[in-house]
Amino acid sequence: MSFLPKQHAGVCQLQSALFWRWDWERDPCIRAVFVDALPPVLVAAMAWKLLGSPMLSAAKLTSPPWLVGSAASQKDNRMWIGPLVACLALVQALVQAVATYRLLFAEPLATPLVLAAAVVLVSWLAATVSAVGQFRRYLQHRRNGYFGLFSPALQGFVAASLVSNLAEVYFAFFVRTRWHASIDSSNVRLLIVLGITTTVSLLLLIVRDLPKRSAAIALPEESEMLMDSTDTSSINVRSLTHAAPAKQLSPEVGSSILSNALFCWVNGFLELGKRRQPQQDDLYEPPSKFTPASAWARFDAQAKPGRNLLWQLLWTFKFEIAEQAVLNPIVIALDYAQPFIMQQILRFIDNYSKDHSIGLRYGFFLAGTMLASNILLTFVEQQQAWHSRSLSVYVRNIVVFKLTQKIARRKAKEASHEPSEANGGKDTSEGRAYNVLTTDVSRLSKMSALVQAIFVLPSQQIVGAWYMYHLLGLAGVVGTLLLVVVLRVSQSLIGRANTIEEKLGSLNDQRLATTSEVIRGIASVKLFGWGSRFIDVVGEKRARQLKTLWQRAKTWSLIHFVTLGSLPFINFAMFAIYSTRHDINAETIFTAVAVFMLIQRSVDWMPGLFAEAVSVVVSFRRIESYLSQPDAQPLDDRVRTGSETAVGFQDAYLTWNHPLPAGIERQSGATTPTTNSATPFSLSGLDILFPTGQLSLIGGPTGSGKSSVLSALIGEMTLLSGQVLIPTSVSERATAGQFGGQTTTVLSDIAYVSQEPWLRNATIRDNILFGETYCQNRYEQVLRVCALIPDLRILPAGDMSEVGERGITLSGGQKQRVALARAIYSSRRILLIDDCLSAVDAHTGKHILHRCLLSDSDLMRGRTRILVTHHMPMCLPHCQFVVMMRGGVVEFQGPPTDLSPAKLALDASNDSNDDIDAGAESERDVGPTQDELNAKRTAAAVAAASTDANAVQRAHGRIVEDEVRLQGLIKLDTWRLYLTQCGGWPFVISCLGCIVATQFLATYKDYYLATRLGRKTGSDKSKGSSSGDKVLHWLVVYLAISFLSAVISTLTMLWTYRGSLRASVALHDRLLRSIVYATPRFLETTPIGRMMARFAKDMQVIDTDIMEIIFFFLRSLMSALITLVVISSTVPLFTIVGLGVLLVYADLTWSFMQAQRECKRLEATSFAPMISLYSEMIPGCDTIRAFDMHQAYMEEMRSRFTAYLSADFILRSTRRWLGMRIGLTSSMVSFSTAMFILLSIDSFNSGLAGFVLIYAVNFWTEAIVVVRRYSDLELSLNCVERAHQYMVIDQEAASTTQLENRPASEWPSTGALAVRDLVVGYTSSTPVLHAISFTVRHGEKIGIVGRTGAGKSTLSLALLRFIEATSGQILLDGVDISTLGLEELRQSITIIPQDPVLFDGTIRFNLDPFSDHSDALLLDALRRTTLLKECQSSSGDSSTEAEGLVRLGAKSSVAAFVSLDDLIVSNGQNLSLGQRQLVALARALVRRSKLVVMDEATASVDFQTDENMQRAIRGSEFSDSTLLCIAHRLRTIIDYDRVLVLDDGKVIEFDTPDNLINREGSSYFRWLCESSGEFDLLQSLAKNKANGMK
């Protein structure tokens, strides 16, 4: 505040009560009182009232909890800033008080002046007391710095004082009447006060800058985080993984105001990026506000049922949206401040050219104002962008966890007969799930585009239209109306683009669904030789997607042309109309051009922003559609509470679909619904109560509903009437407010083993523990009773071996026993076990039955065991309760003694033989524990590490390696790969040439305008109408140049889109072929999530983003370079500044890209584990819910997503860091340009000055776009880099046979097989088969038996070269198979795997994917496998054998299909496992190969169905085929021609079943028969076979 001189004291001329009519410019008294005093007083009073007085709080001097026991580090700048701020505030208050005192007692006194001065004096006295109170408080806390020292009241007071002092400086020096005023004593005192206020303000900006490495002081936010973690740690939550080490807390927390505004806290990470490649541990933990838990808590508190997701999110984050509504208008106002200031400069130049006496002070003030305006715009714009993208993060956090919650709640088996989206139905496939979780969720990061499209563009165009009207009058109105017409046309085109985007999303779903099925079933695809055929199938779906992408490209190019091409016409119309009534001058025209540049920029951005906004809205719709899929029925709706041990049903009717099928009443009785293609399978009239603490069996033929009973108990089926009895409890996690916990009622005391064993992608130990606490004694006991000890001994890392995704490294029997061990190890009292004996040999099955399920040890005592099995003869004598199912109804229930052999459908001679000691293995000889063995393995691996680099990794059992992350610049090979696929050098040169031409024309039109205006200004203006004709002439030229630029720009965009699609086609095809033909080792060690991330997220970027980014990057780059050239050529002194700016840009960009590039790679590698977790959850959601582990998976997802957010947080922060510095640096361009023009003002006319200034003003926008686009380009090319990683992986041998090795066209004409000295292993150092040799004659049926791990499946894989032989030969029909192409070999052999893979589609597609066979043949195959429900007599097969199978199919519950058009849901979810194996057999019947391999193909079917299958195998279709059958059921192969017995990878016996079973002494096969409990039956069947052969 200034000291008023005597002559001005008391001269406050307040002629009016309206303050805007006061003479602010000439009356310093008014300014002194109302400018210097009242605003600080008002702000201080408001802050005091709202945030509390520091004087009053001084009475409550208790240390905050985060200060207890801490001492401030000397690095804490609050130690010295605190006293300094208090002293400066005291000095300023005293100086202002003295000034006010002089003002108060000046003569003559005026009443308003006295009152105002009294208020000012009181306010400054209050400031003095506040400063003293702050200093006293500081001393009483023993110099411990904390936030309370700098109260909001003091900060607001100082800020308002600074603003008012700046206003006083303006009125003292820069108003027109003071342009020549000299600096007197009062002004000196004013500058001193301003200096003090500025110093205090700067100190307050840098205060709070805490030491980064010291934990001496915990901040409030950190304290809350610690308290939150302490609270939740007391909750007993089972965890899936060990706790990860805590990351560094983000330096943003506790940084100073200035550090936060400039994003200086990112500097440490940027410096690290220069020194080395950052790792995941180097990333900062995001502040708590960015964590998923924080966003979810807000959403959950405000969510209302019935409101769609988008509106719920908008309501939840209404304050953030309101913040955008406030910040965006400020940004727009500051944007338009630039042309306004430029207008003032041009007017000043005109005035100066007429009157040099006015001086240059005001011109320099305008240049400084332009600089300040640009700096303020940079600050506000970066904060707006930060908060806008933070809003996107909040929304994405919620959506990700809504989707995770959905996956945890969705039904494991979808509605059986709903068509996929491709067939007009609702797509529930995993492919759609991947697309939603990758593409749609990633698009939510563009939600800021939606905010800009809503708030910024309309406001920017409205303000621009108003400004144009202010400048041009009626011409501006015409321009505005034309702009509205253009926007309306664009809106209709954008609606068309919206439709295309929705169609594109659907096509992408279909492509990803097929790709996902191919990758998940890649083993079957390879084994059947279908690789190239499925590549064509995916290619067809890809072709439809690419066609739609081209439609999208043409639509957006048209929108670009409409918006960009219309602007020249609007300009022409406005200037032409304006020139008819007004004289055109530089000030008006170039200000209009500058304003129109802003409008043009917003219109130019409009297509891209609306494209992103449309994609966000479409993604929201797709996400909502996915979230609307049916959940598993809530427990409260189907379970009777109150019983803690009862398990069963009360008059229950359950179905796989929600709607009640027609003809079935809500309270159904004994009615059995028919099961056909229109009605899903149902369970009717269930009234069962399983005995507590005993063993119960559920039996019945394949497809009778045995597994459905267990699914109904755990809630996978929908209860329509009756009740389910199952123990439940209230979730402690939900009660405790744990993240994501909304379900209050959960299953209690349930452990579930599904028919298809579900395993985590983790170690065997982690799979068994499944979140339980490790207890060595219990764990070792579980391994023994589940017969896992022998298997662990042969694994390189024992129980620490990773099982891979879906247990790919384990055999079927091993997976089943690991899943069983998980249930046994758990503390659950009720065990629901689905057919755990099907995939193990008879001896192991006996062991599991007697030593596990029937054990009376502490491990099993008192546990209720419900077992679904086909091994009724073995289990029946030992159970207490039996349920027999048929067609979805209970055929019998009760004690086993009441069960008649007829209902059991078993031969009476099949009674179990209990004289074999199932526990004969040395269970008593316990041996070393797994911990001891693991320690020995680790020690041996460390010792061998010097010679074997992979020894330690093998000892730790790791098969899934960490994803390879490249480092450094995007390699030149990546650029070359992408641009070569786009079209090579011709494409690159043509694009560059067109973009240079476009930007040159865009610049030349403005230069042309400037030169014409300059001539007009300097010429004689008395030519009348001829002058108007000339104006019209050069406006026409201006229009032609502008329109030509728009046409070339649009054609260039369309050309770049075309090149982009060419690259997309080539890269997708190469990636798909590389994955399909990859080695099995790669497929086993690479999670599906990683591969799908390439096809989903990375390919989406390649399809739509990269070339668009290249186009806009090159356009902005050329514009920025041309701007520098234009300014430098016009203002030579600017060359030095321009070079300096370029050097600063280069340094900033280098620092930024070093960190940004690596963060993007970390983001990509941290995204894949999320997808892997989803791929784990989707097939295992029923097991997860049964074990009540869905909350643990939510926490695991939170952990993995937080790791992803850490990389995303740094990505966003570094972008704002760069934007702030580019903006500040670019501000110097316009400032220095204006200064140089003013210094050389005599050599500039207003036209030339306007031309240079509009480009200088616009330069910072182009500069930041250049750097951002280049950053986006490198990050997008990272997707090409990641895709290329999987294009150069190890490949299998050639799929086709070389010409010199090609066999005869009729090969193989026989199934004769010769194996000679075959050595095979999964690794070259550890063979599984040891030099085995045997010969099989054409047409023989060979059974292959042996214990688990003997090498049976390895032999079958070697026959198809799925595993390449290390040495030896395999001859098929006399041809060495190693010389053949893989697909030709595999198409000549048929394998029926243990785990059949089915595809989403019709049964016709699954039997004959490529339409190679007739429908009659397909129907016949279904009949022979008893899968066909109805049969037409016209089928063409009238043989007695076929008719018998038809009758069996009509009666059997196995029958599942009415026609070849019946649908199979992804991987056969609508079929039982036994039915799926029958479909695989039908597929073999269709192929009719000379060599057929069956790998446990009948393990999951009942004995009767097995017998029917064997009858089909022995039929005419296989009579001319050689059959190799791997089986644990000895009855399956006892009547085969010969039996091959393997043990430890060697052939130990090979003879007829009769010879082997009757061989006395050390016959291994005889011992297996004796262990089965069916020795007499097997011996009789073998003898009958031998007699028949004779």
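Yeah, the Cβs are placed from backbone N, Cα and C, and that goes for glycine too.
Just so you know, TrEMBL annotations are computer predictions that nobody has curated.
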Per TrEMBL, which of 412-431, 912-931 is region 'Disordered'?
412-431
Per TrEMBL record, range annotated transmembrane segment [choices 326-348, 556-578, 1108-1130]:
556-578
Out of 466-487, 977-1002, 1247-1267, what stretch is closest in contact terms to the transmembrane segment (362-380), meaning most Cβ pairs under 8 angstroms?
1247-1267
Do any residues, 6 or more residues outside the transmembrane segment (466-487), come within under 8 Å Cβ-to-Cβ of it, and if so which ones?
336, 339, 562-563, 566, 569-571, 573-575, 577-578, 581-582, 588, 591-592, 595-596, 599, 603, 606
Please identify the stretch among 556-578, 1031-1055, 1222-1241, 1247-1267 with the greatest number of Cβ pairs below 8 Å relative to the transmembrane segment (977-1002).
1031-1055
